[in-house]
């Protein structure tokens, strides 16, 4: 139709017979896509006098924004904290495989490592758009080494660092470069952490509090200096105490700067966080909850021995431990599993569960105008799901990049 060509030669695809997650509600509307973006059909009809070139029947599926995983250490035998010659092919493999779990963009995460590992690995991570080749890369999440020895969890103690004089330069020397870094997790009680938080925030890097013995006032001070995230709430931090709730207290703190929201990651795999704790956090601060997998190399593989950076870990069912200990170490949960478990454990709405894996991480990273929603002009990264929240198909920039093989079911 010539009228379509007045704005663009690209075909217009209309997804019909679906329920779209928009404005926090599942709405029975069609989804219109052109050139990788979501179209406003009113503008198309009334200003362009345009119509669809292709119609796709979604068979009453839910259409939701693609999931964004801001903490994933690896998967399918690939460990992002290991400096290997084929690191790039490893990250490509993970980005391809997570499409089937609804992840359309992610932050490859490095756990505490020797400085040489950061210097070798970080130059090999580049921010890129997703597509048929795999999920998009939003930038690295560096979890450590500036964390607490007492709450190191699965992080190797011999690699932990403190901030010396010239703290930010020390951090730069450790990592080598911040070019592709999106998130840094650190312990806010460490001396000189305030100046580091300010410097990172100034550069547009999200600072997350974690692996820490901080009390509430130290955590509040970190937020006042620019920190906006909590790494895997409840795990690797002081337990909630009624006289000093520690980092957990940020969820209901009255000392958060006006207009600022604190987000917090939760590993909703049924192992890392008791369902009651998940419910407490969600009811205290629902708009800050960000689902993360914290998945490691063993995700998608058989039980047995695998790696997490410098450590050997053992997988037994959904439980993962540092070999020979009872210290939990990352997860083997996939994002779609976390979404389903979160919904089941909290009894929240389907919309809420889906937004915890899409809208909230996008808001945390300040990219909610492009990703995490199905608003007009945003990126057409979305999923088709059934009513039980199993992923049926994954789309990036309006193109199908994965579909459930129905014949094999």
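For all residues, glycine too, the Cβ spot is worked out from N, Cα and C.
Some features that TrEMBL has for this protein:
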DOMAIN    62-401  domain 'Amidohydrolase-related'
BINDING   143, 211, 232  Zn(2+) binding site
BINDING   154, 235, 236, 243, 272, 328, 329, 330  substrate binding site
ACT_SITE  294  active site, proton donor/acceptor
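Mapped onto this structure are the features recorded in TrEMBL.
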residue	record	Cβ within 10 Å
211	Zn(2+) binding site	29
232	Zn(2+) binding site	25
235	substrate binding site	18
236	substrate binding site	25
243	substrate binding site	6
272	substrate binding site	23
294	active site, proton donor/acceptor	30
328	substrate binding site	20
329	substrate binding site	27
330	substrate binding site	34
Revision key, fill the gap. Within the same chain, the residues at least 6 apart in sequence whose Cβ is under 8 angstroms from that of residue 154 (substrate binding site) are 111, 308, 311, 313, 322, 327, 328, 329, 330
Review point. Which of the recorded positions listed here (143, 211, 294) have a Cα atom within 10 Å of the Cα of residue 235 (substrate binding site)?
Key: 211
Point to revise | Chain-internal residues, separated by at least six, CB under 8 A from residue 143 (Zn(2+) binding site) | key: 71, 109, 110, 111, 112, 155, 185, 210, 211, 231
Check your understanding: How big is the Cα-to-Cα gap, in Å, between residue 294 (active site, proton donor/acceptor) and residue 232 (Zn(2+) binding site)?
Key -> 8
Revision key, fill the gap. Other than 143, 211, 232, the chain contributes near Zn(2+) (Cβ within 8 Å of their centroid) the residues 71, 111, 144, 147, 153, 155, 185, 208, 210, 231, 235, 236
